[in-house]
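Asks: Copied straight from TrEMBL:
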DOMAIN    24-83  domain 'Protein kinase'
BINDING   Lys53  ATP binding site
Amino acid sequence: MAAVLNSTPVSNSIVISTRFTDEYDLKEELGKGAFSIVRRCIQKSSGQEFAAKIINTKKLSTRDHQKLDREARICRQLKHPNI
C-alpha cells in the first residue's frame, strides 16, 4: 500500500512509512504473527476503514522474505471487493 520512503517510529519495534501515516490513521491491533501486526486503519480522505499488515523487516530471514513474496503474489491474484 505504501513504500517506505521516510520512517517514523510508532513504538520500540515498529516503523511506519510517513507516507502511509500521512494518508491513514492507525487504530487498534487486530492480530499479529511471527513478524507482522495487523491494525485497523482509517483513510483520512474518505473515512473508509481498512486493515493494514505492518511487517517488521528486521525479523525476516531469507525464508521469511520468500514466504512474504509468495503471500503478496497470491494476494494480487485475489478478486474480492473486501481485499
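Cβ from N, Cα, C; glycine included.
Thinking about packing and proximity, how do these listed features fit into the structure?
Replies: This prediction places the mean pLDDT of the domain 'Protein kinase' (24-83) at 92.
Taking a C-beta cut-off of under 8 Å and a sequence gap of six or more, Lys53 (ATP binding site) has these contacts in its own chain: Ser36, Ile37, Val38.
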